[in-house]
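TrEMBL annotations:
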COMPBIAS  314-328  compositional bias 'Polar residues'
DOMAIN    17-147  domain 'Nicotinate phosphoribosyltransferase N-terminal'
DOMAIN    183-295  domain 'Nicotinate/nicotinamide phosphoribosyltransferase'
DOMAIN    329-458  domain 'Nicotinate/nicotinamide phosphoribosyltransferase'
REGION    305-328  region 'Disordered'
Amino acid sequence: MDFNSSSPYPEGVISFLDTDLYKLTMQCAVLKYYKDVPVTYSFTNRTPEKKLSRKAFVWLDEQIRKLGNISLSTEELRYLKTHCPYLTPAYLEFLQEFRLRPRDQVGVTFHPAGEDTGSESDIGDVNIDIRGTWSETILYEIPILALASEAYFKHMDTDWDYEVQEAQAFEKGMRLLEAGCVFSEFGTRRRRDYHTQALVFRGLTRASKEAEKRGLPGKLSGTSNVHLAMRFGIPPVGTVAHEWFMGIAAIMGDYKIASEEALRRWVGCFGEGVLGIALTDTFGTPEFLKAFSLPIRYSNDDLPKSNRKPSIADSFTSAADGTAGGQPSTTKTYAQVFTGVRQDSGNPTGFVKVMRRFYDEQGVKGRKVIVFSDSLNIERCLEYKKVSEEAGFQPTFGVGTYLTNDFVHKSTGKKSVPLNIVIKLSSAAGRPAIKISDNIGKNTGDKETVEKVKRELGYVEKEWEGGDETARWGKEGDAIQS
């Protein structure tokens, strides 16, 4: 493996588990229900002014090809068996032989913005397309996004260093812990590189130990990165992504029942109360809540009740209501058995009010969890914590880019802005896959299909002043705020 001269760690992606937990849990469920469904994914740069040179593109292309050399090690398999008991034996057996095939499944092309001189200094846009069966391509998203970010900050914006990253993460962690926040690190996909994420997590774990020593009320509950969880002895956390709902809706072609089908299949694979944080906004929260209020349905191919196991991935929530591992029920609703919900777009304070009203109307008792994960910083965490607790929720926070890509330019001391890049499922079973979300700025996919589904669902368009995707983490040269 190649190593950066400034880092004792390899460049690029270094482990099969150097990904987010929810990609593994979704792959497990996809393998069970949708193994051979053909899908495509597309790459979008929401900060289009940040382009790559041809040299950066060549590095990125080479690193993507190297993903085909990575496989699950014996030690990693042992870790998954021990710490992720909800992953089925059939899935773990599948992983032992599984290999990514980027040469066959990933197309990466460079498009010069000006005259194409053939020089490595030419500047342009990169197009990335992924295609194959859902079970075989679902793991590309996280490593390719991480590599694209690393390519930019390795070759384009190089006016930065690692010097304060660990200390900065320690200070941020202490502020959150002193305020009583329960939080996890969610920063793999837009990290500056692996070394940065490792430094950040070293700072966070040091803060966690200091907080325990001082009896502080907050908690570092884990990381979405399974490799770092294994390395630092911290729980891997995460449940499900928009992709699960998007894919099932495209396969079914019926968006009015797709959310319930996605919930049903999820519970059928993992059990009631296991991996129990529901993502609400794929087709708008109001539409999701219609499905969330329904009684759970089971079919013959669902997981036998004897195999239902509580999830360490839910360890960042202490509000489980005792349903994990329990008897399958035909009377309980999804809202009752899920530990809580994740807020990932739109107005967070408005979302809290919507969920409070929903649970009250449904007669759902107990303290449910809200996981906030949309563009968080310390100030937002503290604000949402107050609002959530006042409404009777247990808030937790998935903090990503603010931890793993928070840098300044060495020459000016002004902000070095992260890339805002995404890879989204673009089709499944030959039909467009789309996401609407709770904010118009996060609409994703075929525009005609987006508008068609909005009409079918009676979707009400929403904009939120905090939802500007082009300036999500500030603008280049912004002064640094304390």
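Going from the start of the chain as shown, residues are counted 1 onward.
Even glycines carry a Cβ here, placed using N, Cα and C.
TrEMBL annotations: computationally assigned, not manually curated.
DSSP states for the domain 'Nicotinate phosphoribosyltransferase N-terminal' (17-147), grouped as helix (H, G, I), strand (E, B) and coil, give 63 helix, 29 strand, 39 coil.
Summarised as a single figure, the pLDDT of the domain 'Nicotinate phosphoribosyltransferase N-terminal' (17-147) averages 98. Secondary structure of the domain 'Nicotinate/nicotinamide phosphoribosyltransferase' (329-458) per DSSP, as helix, strand and coil residue counts: 50 helix, 31 strand, 49 coil.
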